[in-house]
Amino acid sequence: MKVKSFHYTELGLYYLVVFLILQEWLIPILELTKTGHMGLILIFIGICLTISLFNVHFIISWIVKITYIGWFIAKVYKDLSFLTSDGFSFLLSEMQYNLVVVISGRWLEITDPFRTFLFFVLIWMLIYLIHYWITVRRTIFYFLILTIFFIATLDTFTEYDGTYAMVKVVILGLLMTVFLYVKNIIIQSGITVHWYKYFNLVMPAILLIGLVSVVGIVLPKSDPQWPDPVPFIKAATGQGDGVEGGNSVSKVGYGTNDSRLGGAFVADDTVVFLAQADAKQYWRVETKDFYTSKGWEQSANIPNESAYFNVSEDINYSLPTGPEENAKIAEITQINPFDFIMQPYGMKRVELDPDYNSEYSELGLIMNTNTEKIYPYGDDKILKLDRYSVVYSKPTYLYSDLQSEPTVPIDPVAFEPYLQLPDTLPDRVVDLANDIVKGATTPYQKARAIESYFSRNGYKYETDNVAIPTADQDYVDQFLFETKMGYCDNFSTSMVVMLRSQGIPARWVKGFMGGEIVDTNGSIRTYEVTNNNAHSWVEAYIPNVGWVNFEPTVGFSNMRSIEFDIETSDREEELVLEEEQQQTVEELERDREQQPTSNRNDKNFFANLVDLINRNHIFFVIINLSILFAGIILLITRKKWLPKLYVQLNRRKTMNEASFETMYTQLLKVLEFRGYKRKNDQTLHSFAKEIDSTFGTNEMSKITHVYEQYIYGKHDENIDFNKLKESWEYLINRSSS
């Protein structure tokens with residue numbers, strides 16, 4: 001009893017050190033990602049370590065951990081109880097939606113609750129691995145090195161200060177190393193040590209570590225002897241810009257100066273506005289047309305003309321809209337008011353609440369006809385409105401119109417600003433665009449080919465490690481051929497430039513993405529849009545249709561609506577499937593907020609999968625539970641069927657020197673499954689005698705004798721492997737009976 005109590009005390013001491021080290025992992029992760037609820041996450045770590053400490057049965061372990069994860073997600077994101085129908089429905093819809101998103105490869109559209117689930121699963125797996133390192137390998141070396149590398153990397157390349165964390169981790173790691181080293185000595189010696197003897201063994205090392213740590217902390221320290229490695233690394237990898245200010249890091253958000261694009265940015269969760277609407281939107285703010293090779297400006301040779309509109313008057317601008325009978329209203333509440341209007345696609349007019357804005361005697365709208373940026377004005381000045389509404393009807397494009405040949409050639413004079421390219425644009429950019437659109441016959445086909453090029457050719461979405469072009473570099477050329485990583489500005493600018501090189505008018509668009517749902521009232525949802533949602537994308541002019549929005553950024557889905565009214569050729573089929581897949585993800589996001597399911601006859605496998613799951617979700621729940629139940633049964637009964645499986649897999653194989661060692665190892669595993677585990681200090685010969693005594697045979701000794709000869713290089717060349725195989729099968733079958 002005392003030995004068992006000491007075992008739990010000893011293992012508990014190990015896990016306490018592990019808990020403190022894992023806490024140092026959590027602090028920078030939660031700090032850099034601005035994630036809260038550290039206490040609840042630490043409780044989960046404590047639960048996992050406690051379960052490992054007492055070796056709780058895996059079924060109970062899974063139930064406890066999954067229940068806690070479900071409770072955490074439902075409580076934190078919806079303030080619901082995991083055991084209520086609402087909480088369970090929320091978790092089920094999240095799993096259903098994210099399953100389709102993952103299958104579709106839209107990694108950036110994974111929702112926060114599912115990311116949290118994956119984070120907990122990662123902690124779960126890490127603790128299982130640590131448990132294995134401590135109890136089986138009896139070493140903490142790999143975990144300690146990984147922790148030191150993790151903290152050092154964050155300290156070097158982020159704003160996180162890991163000085164004190166590094167000191168704590170090194171001290172804890174040294175203590176853990178001492179504990180496990182003493183444990184190894186005790187096991188190898190084969191002696192039994194009481195707690196007071198164990199204490200006497202480790203205390204000198206603990207005192208030495210404590211003394212060295214105190215001295216190291218108290219003594220004065222010199223300044224760093226090596227320069228900051230970050231500028232050198234950026235220069236070596238071509239990420240420095242060679243100009244003043246090139247290494248600066250900006251904060252994400254909407255800004256007016258886009259003349260020099262590139263460089264890293266840090267996230268900003270500041271809320272910009274709230275939008276009450278029935279679906280997620282792209283919020284358009286303005287367009288720019290003049291590419292300088294470093295960024296975007298507005299054409300200097302085009303006068304800035306303005307158009308004036310009254311409140312509730314239809315706005316006449318370049319984008320198509322849907323029919324009036326499909327019009328919907330989105331209410332905008334600005335938290336940090338801008339002096340411009342957020343425009344959903346298909347916007348018809350802006351409506352202002354005269355009571356809410358009663359301080360202004362006259363309210364109207366001014367639109368810059370070049371940028372299509374719309375400003376509210378009153379009392380002869382531009383205003384910053386706290387609240388307004390926009391009426392919109394999203395256009396639905398007929399696929400036949402998009403694919404049709406232009407009836408009238410594009411007028412290069414009228415569209416000159418949207419065909420402009422700098423004289424310094426490298427030829428290889430144009431050559432690449434020519435290769436991408438090879439085989440495409442219409443402007444829309446060419447635009448879709450360029451839009452999908454990035455996701456198919458290894459380009460990565462990145463916000464930290466983003467290059468700035470040097471004085472003699474082109475922004476697009478650098479992204480397309482050198483770095484192949486960046487954020488929305490890189491992707492959208494590159495697409496505009498390549499479209500223009502093909503004679504297709506295109507412009508660069510700035511605004512915001514849809515944001516995150518924070519409240520639901522029937523079919524109306526409230527979306528919270530932050531500075532993190534600032535975005536840029538592309539509008540291209542398609543003859544017979546007009547301006548159409550495109551989304552080239554990897555990981556983002558387009559929100560244009562297309563009706564596929566014609567059959568497609570083999571050449572077009574793949575692009576059509578992508579188009580439908582993008583629309584399916586949007587529809588599913590609306591569905592999981594209790595909107596009616598679309599019955600469109602999709603050609604896409606993933607779209608059909610989504611529709612099938614939505615129409616038969618109870619059936620799929622039953623199937624998933626059945627699979628889970630079957631898996632649990634298989635795990636519970638594995639001691640019965642696993643030995644038989646080993647026999648069946650090896651029955652037709654010929655036992656020889658090469659396979660003998662593997663089969664002997666399998667035999668030891670099967671015996672361990674059945675409770676016949678070899679002690680750490682027990683020889684194979686002694687273990688074989690024990691098994692033979694249990695089974696009333698001498699087969700184990702025969703096999704073990706040959707195995708020992710084999711591993712020591714003294715085996716007999718006249719070994720009868722057929723008889724050994726019979727003995728092996730006999731022991732396997734006896735162990736499972």
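Note that Cβ sites are derived from N, Cα and C of the backbone, with glycine treated the same way.
Pulled from TrEMBL, these are the features on record:
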DOMAIN    480-554  domain 'Transglutaminase-like'
TRANSMEM  12-30  transmembrane segment
TRANSMEM  36-64  transmembrane segment
TRANSMEM  76-93  transmembrane segment
TRANSMEM  113-133  transmembrane segment
TRANSMEM  140-158  transmembrane segment
TRANSMEM  164-186  transmembrane segment
TRANSMEM  198-219  transmembrane segment
TRANSMEM  618-636  transmembrane segment
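Below 8 angstroms of C-beta separation, residues 10, 13-14, 17-18, 20-21, 24, 27-28, 134, 138-141, 144, 147-148, 151-152, 155, 193, 198, 201-202, 205-206, 209, 213, 216-217 of the same chain, each at least six residues beyond the ends of the transmembrane segment (164-186), sit close to that stretch.
The stretches the transmembrane segment (113-133) and the transmembrane segment (198-219) are not in mutual contact, being linked by fewer than three Cβ pairs under 8 Å (pairs 6 or more apart in sequence).
Outside the transmembrane segment (36-64), and at least 6 residues removed from its termini, the chain residues within Cβ reach (under 8 Å) are 8, 11-12, 15, 18-19, 22-23, 26-27, 30, 72, 76, 120, 123-124, 127-128, 131, 632, 635-636. Long-range neighbours of the transmembrane segment (12-30) within the same chain, counting only residues 6 or more positions beyond its ends whose Cβ lies under 8 Å from a Cβ of the stretch, are 36, 38, 41-42, 45-46, 49-50, 52-53, 123, 126-127, 130, 134, 143-144, 147, 150-151, 154, 158, 160, 162, 165, 168-169, 172-173, 175-176, 179-180. Secondary structure counts, DSSP: the domain 'Transglutaminase-like' (480-554) has 21 helix, 36 strand, 18 coil. When pLDDT is averaged over the domain 'Transglutaminase-like' (480-554), the result is 92.
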